[in-house]
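Chemist: Summarising the annotation, Swiss-Prot assigns disulfide bond to 34-74, 37-48, 65-91, 100-115, 119-124 and lists a curator's inference as the type of evidence. Under the heading N-linked glycosylation site, Swiss-Prot lists 64, citing sequence analysis as support. The GPI-anchor amidated asparagine feature in Swiss-Prot is assigned to 125; the stated evidence is sequence analysis. Feature annotation from Swiss-Prot assigns signal peptide to 1-31; the stated evidence is sequence analysis. Here Swiss-Prot flags 127-147 as transmembrane segment, drawing on sequence analysis.
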């Protein structure tokens, strides 16, 4: 008779462990969900601007990033793409950082601001980081106050 009586608890513990590991694997496979869009998309050209319209409730929904090997991050890239200024949102396996820079491509007569925002929670690449903007505002208010006193 299987399992033997003395191995009953060990057998149930092993079965429980296998079920637990399988359920954890399923959670890990689901991965991060990010907004994935591009302003150069001709079917829906206005769904992927720098800011989502309609009070930040976008027409698109975050997508599962399981098709990107090792995806752990969502990225929002704002800059000049294919002749126009716009945004791209995508899944990434690399932390690309958070920074802005001025870029001049070959043939350009001026510099264009290009920004990268990287985050690691579901749907976090909807907008840029507000902390940076609030920090700049606080610094300007402090400077204004100091100059007046």
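The backbone N, Cα and C atoms fix where each Cβ goes, and this holds for glycine too.
Remember, predicted model here, so these are calculated numbers, not experimental data.
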Chemist: Among the disulfide-bonded residues 34, 37, 91, 115, which residue has the fewest other Cβ atoms within 10 Å of its own Cβ?
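Modeler: Taking 34, 37, 91, 115 as the disulfide-bonded residues, the minimal 10 Å Cβ count falls on 115.
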Chemist: Return the count of C-beta atoms lying within 10 angstroms of the C-beta of residue 74 (disulfide bond), excluding that atom itself.
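Modeler: Its Cβ has 26 other Cβ atoms within 10 Å.
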Chemist: Which of the recorded positions listed here (34, 37, 91, 125) have a Cα atom within 10 Å of the Cα of residue 64 (N-linked glycosylation site)?
Modeler: 34, 91
Chemist: Please list, in sequence order, the residues in the chain of residue 48 (disulfide bond) that are at least six apart in sequence and whose C-beta is under 8 Å away from its C-beta.
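Modeler: Those within reach of residue 48 (disulfide bond), by Cβ under 8 Å and sequence separation of 6 or more, are 35, 37, 38, 39, 41, 60, 86, 87, 88, 89.
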Chemist: By a simple count, how many Cβ atoms lie within 10 Å of the Cβ of residue 125 (GPI-anchor amidated asparagine), its own Cβ left out?
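Modeler: The answer is 26.
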Chemist: For the C-alpha pair, I'd like the distance in angstrom between residue 100 (disulfide bond) and residue 119 (disulfide bond), rounded off.
Modeler: 15
